[in-house]
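Participant: Take this structure, written in structure tokens, and hold onto it; I'll ask about it next.
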Amino acid sequence: MDIEAYFERIGYQSSRNKLDLEELTEILQHQIRAIPFENLNIHCGESMELNLEVIFDQVVRKKRGGWCLQVNHLLYWALTKMGFEATMLGGYVFNTPANKYSSGMIHLLVQVTLSGKDYIVDAGFGRSYQMWEPLELTSGKDQPQVPAIFRLTEENGTWYLDQIRREQYVPNQEFVNSDLLEKNKYRKIYSFTLEPRTIEDFESINTYLQTSPASLFTSKSFCSLQTLEGVHCLVGSTLTYRRFSYKDNIDLVEFKSLTEEEIEDVLKTIFGVSLERKLVPKHGDRFFTI
């Protein structure tokens, strides 16, 4: 696995190699704008693998994306290879309908230490919940970014990531009540501890998430990619584009229903994804917002 191939995949050309916050931010932003957050393998009859060689082949060579356990694993590898002091952490995702965090550790994120200061880096949450910059590991501090205001809070050794969102405007009246729209202005995202993890810690949950009928990931096919101004999402056959702050403190959210032929074209043109197997788009009843 070649770090230069990874840099080429994310379009990163700087040779600064200063291992500072600016470079860390650039790596994160290049990755989230080049590598989609997606689970399409599941809906093409293929598996979601955790092996780094397989992930590298899928994401870097075949120009696909992946879910958090894959794209953040790749990010962790790249940062470590560059010389950053990085640690894998495990997260518990907030389930809005149940109003509680997941019982299983279903999210992988990365902690990076720079000159004695800790940051959270995550390229694998996608949609409008995706951070665009590393977050200072500081409790109770509002950290405004382009997508929203993020806030980390620590309580008895557990950290909580929340988001304060803008109002949203949906011009197409057909979709104003879409189940894909986030209704909460204050949104809990996930919790985590600072206990170091290895990829092996996620093996059983990786299998569960792609096989269980109760899993969000078997319920919906999705692909999400950040841009310079917002984020594209394809859920089932519904395409959305959210433009952050198109007006003062308001996001613009555009919807479009696609035909089967349009889906294949959109995956290639918007997300840069060419599938080897036929996708069966799915929009099941599990809660999932963009």
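Just so it is clear, glycine is given a Cβ too, placed from its N, Cα and C backbone atoms.
A quick note: this is a predicted structure, and the numbers were derived from the prediction, not measured.
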Participant: For the CoA site that Swiss-Prot assigns to SER103, GLY104, which of the candidates TYR208, TYR241, TYR246 is also assigned?
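Facilitator: So, going by the record in Swiss-Prot, that would be TYR208.
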Participant: Are there any residues in the same chain, six or more apart in sequence, whose C-beta is under 8 angstroms from the C-beta of ASP122 (active site), and if so which?
Facilitator: CYS68, ASN72, LEU109, VAL110, GLN130, MET131
Participant: Other than its own, how many Cβ atoms are within 10 Å of the Cβ belonging to SER103 (CoA binding site)?
Facilitator: 8
Participant: If one measures from the C-alpha of ILE106 (substrate binding site) to the C-alpha of TYR208 (CoA binding site), what distance in angstrom results, rounded to a whole number?
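Facilitator: If we compare the Cα positions of ILE106 (substrate binding site) and TYR208 (CoA binding site), the gap is 10 Å.
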